[in-house]
Amino acid sequence: MFFALLFLIGILLGQVQGWSEPRIRLSSGALAGTDVILESGSPLQLVCEGDGPVTFLPRLAKHKRYISKEVGKIRSFRVEKTTVDFTGTYKCVYMNGNDSNLSSSVHVFVRDSRVLFVSPSTSLRYVRKEGEDLLLPCLLTDPEATDFTFRMDNGSAAPYGMNITYDPRKGVLIRNVHPGFNADYICCARIGGAEKVSKIFSINIIQRLRFPPYVYLKRNEYVKLVGERLQISCTTNNPNFYYNVTWTHSSRMLPKAEEKSTMEGDRLAIESILTIPSVQLSHTGNITCTGQNEAGANSSTTQLLVVEEPYIRLSPKLSSKLTHRGLSIEVSEGDDVDLGVLIEAYPPLTSHKWETPTSHNASLPENRFFNHNDRYEALLLLKRLNFEEIGQYTLNVKNSMKSASITFDIKMYTKPVARVKWENVTTLSCRSYGYPAPSILWYQCTGIRTTCPENTTDLQPIQTQTVEFQKESFGAVGVESVLTVGPNRRMTVVCVAFNLVGQGSDTFSMEVSDQIFTSAMCGSTVAMVVLGLLLIFMIYKYKQKPRYEIRWKIIEATNGNNYTFIDPTQLPYNEKWEFPRDKLKLGKTLGAGAFGKVVEATAYGLGKEDNITRVAVKMLKASAHPDEREALMSELKILSHLGQHKNIVNLLGACTHGGPVLVITEYCCHGDLLNFLRSKAENFLNFVMTIPNFPEPMTDYKNVSTERMFVRSDSGISSTCSDHYLDMRPVTSRPTNSALDSSSECQEDSWPLDMDDLLRFSSQVAQGLDFLAAKNCIHRDVAARNVLLTNSRVAKICDFGLARDIMNDSNYVVKGNARLPVKWMAPESIFECVYTVQSDVWSYGIMLWEIFSLGKSPYPNILVDSKFYKMIKCGYQMSRPDFAPPEMYTIMKMCWNLDAAERPTFSKISQMIQRMLGETSEQQDTQEYKNIPTEAEAEQQLESCDPVKHEDESFETSCDQEEEDQPLMKPNNYQFC
């Protein structure tokens, strides 16, 4: 209809312009009809004349070169010598597009006795879709040919149902083609009694698709965290190439997907991969993959959920036949119970485990676990439950970021059993256990009897008030009723306990008098008083016993200078630190304390498979308290949390499974800095004496020998062996093991100390403490005894709380229920129990005094008593140590500033010492030796402080929160003393 309308419009336009159809004639004259018949080799000249510019449209495009070049109202088509190829229809049209519907045509037959049919010079293979029409250009060169037929090339007739129309001027028209028509065909006709055939036409009909493409998504839902990468694969296939795949989202545009095409038998498979590099909350919704072909479209949809945080959600799934209230389940003996839990989790679960009352047994209940995308179902099958199997059943699950658990409490219906007990002269108690909770009734019968007969008038309920209370015991509920009777009574009582399951009873005969009551009451009272006093004394002694704890603390700043300590037990432990216990060979003990010890060990395969490394191993004693084991695990977690640094004793591994906890750290062969300084004191003095004009210092080290054995050191560990880890001299004449890791070799240190060494020790410790401060870690026990030395005299910070006998170490003073290194502590730590990085700076200043006095104890000749606390509170500072340059003493005084905010940072301290290290090669310290102030001098300095209101106060304060009456205590949130 539409094309007919266009044709009419074209005619009307031509009429409006006054044009008529162009006219075709032969050069020799007018046409006799619409056909022109020529012999092969004859000339052909057609002339077209119209009302405007015209041109010819020949059958073959290559014949356009025979059209005259001039453009005008008259055009000619001229061929000097024709062939059968010129057979066809020639059309004359206006060149103006508006007049394309005005045309004329003529058909030319070029006869040749050898050729009856002409065909296009292009391919004779025709491909059509099922249901379309197909025109085969099988043209006759002679209109007088007869007996035209159309058949297969093999001689068979055309297929049944083929609708054929033949026009000698156009060819064979096949309507509504079908895949059954696929074959090779020829046209046949007779001329002069002989049959002639055309070239072979090959027909290939593509079957019409009756079904949309197959579309498949592996998952019907996805869960992702914000920022994660999403990749969805959509698998499709189709019988041919004529289809496409698209992606759509319920609310937003999606990026272009990548496609991979393969052949699967006779079908084409396209895998479309949609990738979103970083999902956002707005991506939440339905994502659809659609495959479309001529038969229609097919799609598959998946749901995407984008969340901000990981999650684990647990919900119980219990049979409706079970009697339960929430997670509490009531069963009878011999029942079967299925405990089901529905789990939703992302990231995916990494582990799941049931904990049952019989987990210690070799045979556990049957459990099943099902997984579908990010949803799971855990099922525990309990068959024929008995009394030993009742209790709590807990499912623990975790993924890479969270953990969760759910607990079912199974209780078994139990018939009650009653037991009567004589508490004292006038009191009886009846206890019964059962489930549900039993009820108790008392009955009496006169006289002394073994039983009271039932259903008689002698058995009477006791009209007295009873007190009942419930308590859980092994899944059953315990009920106790107390009966009070008067003196001078002879009676038999019956206690009856009953519940839904049944009842139980017990009979008791009693004879009460006042004399028995008085003596029994007095004896019971005395015994209870003695036991109470003994219990109070034992609790006091137990609380006085110190517990092992790592001094290091991780903090987080909240508001200004207010800090909150992070519970180290909540820090994660990375299993990558686990080291095989069988590859660790323990050696001699390097140090031992009240809670544990440090031993030398050899680790095989640490770092690299063929490495043999000397290490130090921390462990607890066999009698260690569970709290102390948790403290060692906290130390392990803190060390793994901090990471590696050259100036701390670094964690190398740990053994936490299959035995006691072992913490593997670097081995520092030269022991602690305090004893190293003392052992090198004489050499240092000799070195100082060689400096021209250096006055002989009046020190306590004139008679120090390098071979001296320290029976008791400030480190707090008794030692008689020269190579003990804490109270040690440098290792001498140790056999060399070529198989050991070179980093673990210990060379004898025979070099004397010099000023550069003291400055380097100070700088390295400052760098280590700066690293700890950057990690929000407070050391709380900075002292020379807690610094170890490795090869090349590299200082490393450690914590010897495990292997130090603080009970017998004079450096640790009792305050409240703890022992603290008071002489190294900042005022705010002593008086307010506040520990910050600035309090570590104060302790570092004390450690500098130790270094530059070659290991002397700070505040010499001053006892830790009320006077000492008063001196500290009033700002007393030690004088410059024997060998400290003035610049270093300035740093010490900066560290001892009473205002914690005014103390320098470790980074600043490190920079100042580094500058001094650069100047020591050009300068010599000529400062004269200064004696340590005596206690009298300290008192004189104290008097200048003029304390007004603290003269009579005791400074033996405690950090225990219960002792709030102490005048120097201030309430705070940092009670770690």
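Note that Cβ sites are derived from N, Cα and C of the backbone, with glycine treated the same way.
Feature annotation from Swiss-Prot assigns N-linked glycosylation site to N98 (among others).
According to Swiss-Prot, the feature N-linked glycosylation site maps to N101 (among others), an assignment based on sequence analysis.
A 10 Å cutoff on Cβ-Cβ distances gives N154 (N-linked glycosylation site) a total of 9 other Cβ atoms nearby, all chains included. Swiss-Prot lists N154 (among others) with the feature N-linked glycosylation site.
Counting every protein chain shown, the Cβ of N163 (N-linked glycosylation site) has 12 other Cβ atoms within 10 Å. Secondary structure at N163 (N-linked glycosylation site), as computed by DSSP, is strand. What Swiss-Prot records for N163 (among others) is N-linked glycosylation site, and it gives sequence analysis as the kind of evidence.
Sequence-distant contacts (6 or more apart, same chain, Cβ under 8 Å) of N244 (N-linked glycosylation site) comprise G291, Q292. Summarising the annotation, Swiss-Prot assigns N-linked glycosylation site to N244 (among others) and lists sequence analysis as the type of evidence.
Around N286 (N-linked glycosylation site), the same-chain residues six or more apart in sequence whose CB sits under 8 Å from its CB are H249, S250, T301, T302, Q303, L304, listed in sequence order. Residues or ranges marked as N-linked glycosylation site in Swiss-Prot: N286 (among others).
Long-range C-beta contacts of N298 (N-linked glycosylation site), restricted to its own chain and to partners at least six residues apart, with a cutoff below 8 Å, comprise P212, P213, Y214, V215, T290, G291, Q292. Positions annotated as N-linked glycosylation site by Swiss-Prot: N298 (among others).
Among the features that Swiss-Prot reports, N-linked glycosylation site is placed at N361 (among others), with the record citing sequence analysis.
The secondary structure of N424 (N-linked glycosylation site), as reduced to three states from DSSP, is extended strand. Around the Cβ of N424 (N-linked glycosylation site), the number of neighbouring Cβ atoms within 10 Å comes to 14. Residues annotated as N-linked glycosylation site in Swiss-Prot, with sequence analysis given as evidence: N424 (among others).
Annotation comment: Swiss-Prot describes N455 (among others) as N-linked glycosylation site, evidence class sequence analysis.
Residues or ranges marked as topological domain 'Cytoplasmic' by Swiss-Prot: 541-977.
Residues or ranges marked as region 'Activation loop' in Swiss-Prot: 799-821.
Among the features that Swiss-Prot reports, region 'Disordered' is placed at 919-977.
When the Cα atoms are compared, N101 (N-linked glycosylation site) and N424 (N-linked glycosylation site) turn out to be 129 Å apart. Around the Cβ of N101 (N-linked glycosylation site), a 10 Å sphere holds 17 further Cβ atoms from the protein chains shown.
The distance from the Cα of N424 (N-linked glycosylation site) to the Cα of N163 (N-linked glycosylation site) comes to 119 Å. N286 (N-linked glycosylation site) falls within a strand segment according to DSSP. Look at N154 (N-linked glycosylation site): DSSP puts it in coil. For the region 'Activation loop' (799-821), the model's pLDDT averages out at 56. The secondary structure of N298 (N-linked glycosylation site), as reduced to three states from DSSP, is extended strand.
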